[in-house]
Amino acid sequence: MTELKGGALLEARQVVVRFGGLEAVGGLDMAVARGAIHGLIGPNGAGKTTVLNVLTGFIRPTAGRLVFDGEEIGGLNVNGFARRGLARTFQNIRLFGAMTVLESVLVGAHQRFSASAPALIFGGRAARTAERAMIARAHELLDFVGLRHDIADRVATTLSYGHQRRVEIARALMSSPKLLLLDEPLAGMNAVEKQEIAELVRQVRAQGIAVLLIEHDMQIVRSLCDHLTVLEYGKLLADGAPERVLSDPAVQAAYLGRAR
Amino acid sequence: MDYFGQLLANGLVLGAIYALTAVAFTLVYGVVRLVNFAFGELFMLGAFLTTSLMLPEVRLFGTVVPMPGFPLPIAALGAIVITGVIGVVVDRIAYRPLRNAPRLAPLITSIAVSVVLQSLAQTAWGAEELRFPQFYLATLPPVVLFDSIYLSVMDLVVMATAIVAMLGLSLFIARSSLGRAMRASAEDQTAAMLVGIPVNRVVAAAFAIGSGFAALAGLLYAQTYGFAHSSMGFLPGLKALTAAVLGGIGSIPGAALGGLILGLVEALGAGYLPNGTAWKDAISFVLLVGLLYLRPQGLLGRPELNSAGRGSLLGGASEAGAFWLRAVFARVDALLARFAAAGAPAALGLLAIAIVVGTLVPSDYWLRILTMVVIYGMLASGLNVIVGFAGLLDLGFVAFWAVGSYLTSILFVLVLKESYGVAPQEVWWLLYLNLPLGGLLAAGLAVLLGTPTLRLRGDYLAIMTLGFGEIVRVVAINWMDLTRGPMGIRGIPAPNLFGISLGSPRAQFFFALALAAVVVFAVARLVRSYVGRAWVAIREDEEAAEAMGVPTARYKLYAYAASGFVGGFVGVFYAHSQQYISPLNFSLFENILLLMLVVLGGLGTFIGPFVGALIWIVFLQLALDLPFVQAYPETRFALLGVVLIVLMVFRPQGLAASARVGLTMPGARAKEAA
């Protein structure tokens, strides 16, 4: 990863994850550059989601270090990861039941509220201003991800699948992250929707937010990502620019099966 | 040594009984991951049925019914079979429809089933003890060991029965095909179903066997202590649950080990600790709480059992429910939705109506009842913060209520009046200081008790909070110097403002109403902000909330604190309103009742707790005019339990579900409408 030194926003060094006797990730080194759209790919069971869970604090690695924005973050709680500027979505959408779209998105801004309980109860001016600002920001983000305003008061889990994905992205962006991690954001979408989400990812990057995404659609990955990391059996198989990585015979073998 | 030996023998008998009941908990938990609180009541039914079958005649529902007068073994067998059938029926009606529901649903249902069974037993057999008839083995002279340890023949029978029953069950599970099916279902229900195991039948078998074991334990208990009573299953049930958790719930050897340890610890503790008999219940619960904190999976259990599925009772589609219920509720729902949408004006309107009612109601009797409605509504609102909004089942909430009540009573009566001779009228202002003070003290206790529960989820959380609640109650009973113990504290002054007594029922009603306005306002302000959003996010998906930057541990403690504050705050007023408090006011049953009121009214709404309290307390009084209820007052509780079971199956969000609470600050959204 020497080529990325200095530019790296997130670095994983020699990360190992073991579940009992199973080694799900074995000594992985990877780095996400600032402002990059970074693809994490690999065949089923390669450990992509495990890596994403490590990078967001959901799984504490058995060994290895995580450095984000120059700070060691390996020992933090999940909310600590979020507070440092790592926001994520989930492979199976995890919106909060019984909450409206607006409320769900506002949860993403949790760390940006600071009013004390008395200030909330007695109606402090600052508390109200903060709430108002965040509601305005939530509406901007709903716009940004391509959702109409009139769904803001619908219960989020009653929306269509595609809309739920967008709400989840808006919720993640609400924390003003430095890095957005998307776990298969295009899964289950048709070609048009895929292009729309890909465009959305580019716009996110245009705002200076780096994106790490897991994806299976190689056409999209090729056109969208600046950098690819390929996993196989929890180990690094290839890493680099998409064109180079995707033409790597080892990567092709991993996807298509090896010639006998 | 002799004394020790005797205690050891007593402990073994008690341990055998706990172990048998613990097997019931563990077997059913192992197969369906449900803590069936109702096993304590099946234990009680086993005792009653055996006793009844052994007698020549029994008074049932007030009439004398001839009975066969079987000898103990036949009566026991009959009782075990009948209880087993009851267990299966309960599973079929109350639990099976909830197999895929959020974990809170079957847990609350099992509590409701408990209430139903206990009330029905009291209706059938009456409130008095039923004496256990002498069996001829019990008349034999005791066996003397080492010249000094006396063991009755029946004690030996109890131990032998327990050993045989547990070995038999272990063999059954290890060898029989049904046992194999049980183990498979315990590992993975879906997979078991896919390979053709009739999971529903396996679960029914687990309930039948578990209920049989509970009945066996109950009848042995009744035999040992010589009586059956409708509330006898409550404490042994909790102890057995403790034993099951101690051993590692889901593990049968664990249940045996846990029961034995608990029986011995309790017997030895009662024998050796100063004033040990009084504290022996606390010993078990301290053990339980300590264990859950240090090793939640128990001695022989597996760690993954301390987990909870995602989602809450409120997260599901609120349109669900039986069609007839939907028809009934459609109109109410529309009204409530409009009410909730109106927000503050609607709340003020409701307050105005309450004021008019309070002014016009002529009878003191009804004013007192309405005051109780407001008090229970407030308490339920406090419980609602932790259960309804944060989604954490708290069975120790009454402790906070008790703290507020005792704080003000001790200060006014024991300290000022009796130690310093200060008349309450001279320090009338102290009440207004005590209200927030009681709240803060209770909030502090809530944080203290909440901290060790942070790692626990679902069922274990409920069990631990229950343990805390019981510890506080046992302390209140036994710390005579501070609380006057079971005698309670009398002569607590009525509320007073600038020397004017507010003791009249009407004044008290308005006092309560003012406090309720404060409570609802404060809770609403917290809920309709980022704090409330964090709570609901935790309730719906704790991991996702954490990933959004919510420090979930801290916000759970905030929920405990807010809930505790309301409990303590209301507790202070409660003491002055009742003018007499005793530990009986703060039993686990009160906690269960409050929980039922919140669920009845609607978890996670502001109006729900008051709706639940109003319906229940007014019904409680009105039903007294019915001759049937006059004869059997407990049937009212049975009805509440039944209503709750029906609600859990068809409408878990409660009656006022559509009064959905917005989670954004009201004023902050006014402008963006344009």
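Using the three backbone atoms N, Cα and C, a Cβ is placed for every residue, glycine included.
Pulled from TrEMBL:
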TRANSMEM  B:12-35  transmembrane segment
TRANSMEM  B:42-62  transmembrane segment
TRANSMEM  B:149-174  transmembrane segment
TRANSMEM  B:202-221  transmembrane segment
TRANSMEM  B:241-265  transmembrane segment
TRANSMEM  B:373-392  transmembrane segment
TRANSMEM  B:398-416  transmembrane segment
TRANSMEM  B:428-448  transmembrane segment
TRANSMEM  B:509-527  transmembrane segment
TRANSMEM  B:557-576  transmembrane segment
TRANSMEM  B:588-619  transmembrane segment
TRANSMEM  B:631-650  transmembrane segment
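Within the chain carrying the transmembrane segment (B:428-448), a Cβ under 8 angstroms from the stretch's Cβ atoms is held by residues 399-401, 403-405, 407-408, 411-412, 416, 493, 495-499, 515, 557, 560-569, 571-573, 576, all 6 or more beyond its ends. Residues 61-62, 93-94, 97-98, 101, 105-106, 108-109, 112-116, 118-120, 122-123, 321-322, 325, 596, 599-600, 616, 619-620, 623-624 of the same chain sit 6 or more residues outside the transmembrane segment (B:631-650) yet have a Cβ under 8 Å from a Cβ within it. Using a cut-off of 8 Å between Cβ atoms, the transmembrane segment (B:12-35) and the transmembrane segment (B:588-619) share fewer than three residue pairs, counting only pairs 6 or more apart in sequence. Counting Cβ pairs under 8 Å to the transmembrane segment (B:557-576), the stretch among B:202-221, B:373-392, B:509-527, B:588-619 with the most such contacts is B:373-392. Beyond the ends of the transmembrane segment (B:241-265), by six or more residues, the same chain brings 8, 11-23, 25-27, 29-30, 35, 37, 39, 166, 169-170, 173, 186, 283-285, 287-288, 291-292, 297-302, 305, 460, 463, 467 to within a C-beta distance below 8 angstroms of the stretch. Where the transmembrane segment (B:588-619) meets the stretches B:373-392, B:398-416, B:509-527, the count of C-beta pairs under 8 angstroms peaks at B:373-392. Scored by C-beta pairs under 8 angstroms, the transmembrane segment (B:509-527) has its highest count with B:373-392, from the stretches B:202-221, B:373-392, B:398-416.
Among residues of the same chain six or more beyond the transmembrane segment (B:202-221), those with a C-beta under 8 A of the stretch's C-beta atoms are 16-18, 20-21, 23-25, 27-28, 30-32, 36, 39-40, 42-47, 49-51, 75-76, 79-88, 90-92, 96, 158, 161-162, 165, 169, 178, 181-182, 185, 192, 228, 232-233, 236, 240. Distant neighbours of the transmembrane segment (B:398-416): 379, 382, 422, 424, 427, 430-431, 434, 437-439, 441-443, 445-446, 449, 468-469, 472-473, 476, 482-484, 489-493, 563-572, 574-576, 581, 583, 585-588, 590-591, 594; these residues of the same chain sit at least 6 beyond its ends, with a Cβ under 8 Å from one of its Cβ atoms.
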